[in-house]
Amino acid sequence: MTDQIPVVVAGALGRMGAEVIKAVHTAGDCQLVGAIDTCPGREGEDVGLALGLGELEVALTQDFEGALCLASQQHPGAVLVDFTHPKVVYEHTRAAIAYGVTPVIGTTGLAPEQLQELASFAAKASMGGAVIPNFSVGMVLLQQAAAAAARFYDHAELVELHHNRKADAPSGTCIKTAELMEELGKQFNAQEVEEHETLEGSRGGLRPSGLRLHSIRLPGLVAHQEVQFGGAGERYVLRHDTFDRAAYMPGVLLTVRKVRQLGALVYGLERLL
């Protein structure tokens, strides 16, 4: 198909990257044109064979900028899907914009000032892009419900649970949820007693709004989040569980299909729904 969307995947051998490659491979309107991963000893290997998908005629490379340069030259309108590491995601996003490859960033860990800088850089390049902390439609619905409930409850805490290989804490999804709840401009969790932590950090991370965020890391988990609200005589709990990374693929493909139509760098899947 001549109208397929060219896709480069960074973090191709990671858990999310592998799922993205499978999804792109089976999507009739997408074409995998690049696969980047820093795993030692895999350079030049066919990514399809590496993932048990059969030969895809796309060789693994560790050369991030080289892959972007090649995609921009041979596949105009290419999209980068990045699931790598918080330490490199800023540079990856900036490089994609510089090469004219539209970024779809699933890697979390970007600081607010970094997001602002990237948005400005994209605007100067007249490009769009998307930074998506969570590609689950169910999680977007939870976030919207949490923002609505925050109007009526003055006490709330957030708990996020992930696998023990996740590098950043709290998760970008949890931070995004808190930000949506804070758009009301209210303060949460007014102290009724003077608290004393006998173990530092026991009460979680404290945001200026008074919201507390708690992070749990355990093997066997994928991605889970709760928002707990408390009122006189009641507790209201919102929870979302992801048991398999396949749950994210509809959101990933939706973003890949829409991102080139954007005129700016956007943050959050809700901006595309």
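Glycine is treated like the rest: Cβ placed from N, Cα and C.
Under DSSP, His162 (active site, proton donor/acceptor) is assigned to a strand (E or B) in the three-state scheme. Look at Swiss-Prot and you will find His162 tagged as active site, proton donor/acceptor.
Annotation for Lys166 (active site, proton donor): same-chain Cβ neighbours under 8 Å, separated by at least 6 residues, are Arg217. For Lys166, the entry in Swiss-Prot reads active site, proton donor, with the evidence type sequence analysis.
According to Swiss-Prot, the feature NAD(+) binding site maps to Gly11, Ala12, Leu13, Gly14, Arg15, Met16, Gly106, Thr107, Thr108. Sequence-distant neighbours of Gly106 (NAD(+) binding site) (same chain, 6+ apart, CB under 8 A from its CB) are Met16, Val81, Asp82, Phe83, Ile132, Phe135, Tyr248, Val252.
Annotation source Swiss-Prot lists (S)-2,3,4,5-tetrahydrodipicolinate binding site at His163, Gly172, Thr173. The Cβ of Gly172 ((S)-2,3,4,5-tetrahydrodipicolinate binding site) lies under 8 Å from the Cβ of Thr108, Gly109, Leu110, Pro133, Asn134, each of which sits 6+ residues away along the same chain.
For the recorded positions His162, His163, the largest tally of other C-beta atoms within 10 A is found at His162. A straight line from the CA of Arg15 (NAD(+) binding site) to the CA of His163 ((S)-2,3,4,5-tetrahydrodipicolinate binding site) spans 11 Å. Note: the Cα of His163 ((S)-2,3,4,5-tetrahydrodipicolinate binding site) and the Cα of Leu13 (NAD(+) binding site) are spaced 17 Å from each other. For the binding-site residues given as Leu13, Arg15, Thr108, Thr173, the lowest number of other CB atoms within 10 Å of the residue's CB is seen at Arg15. The separation of Gly11 (NAD(+) binding site) from His162 (active site, proton donor/acceptor), Cα to Cα, is 19 Å.
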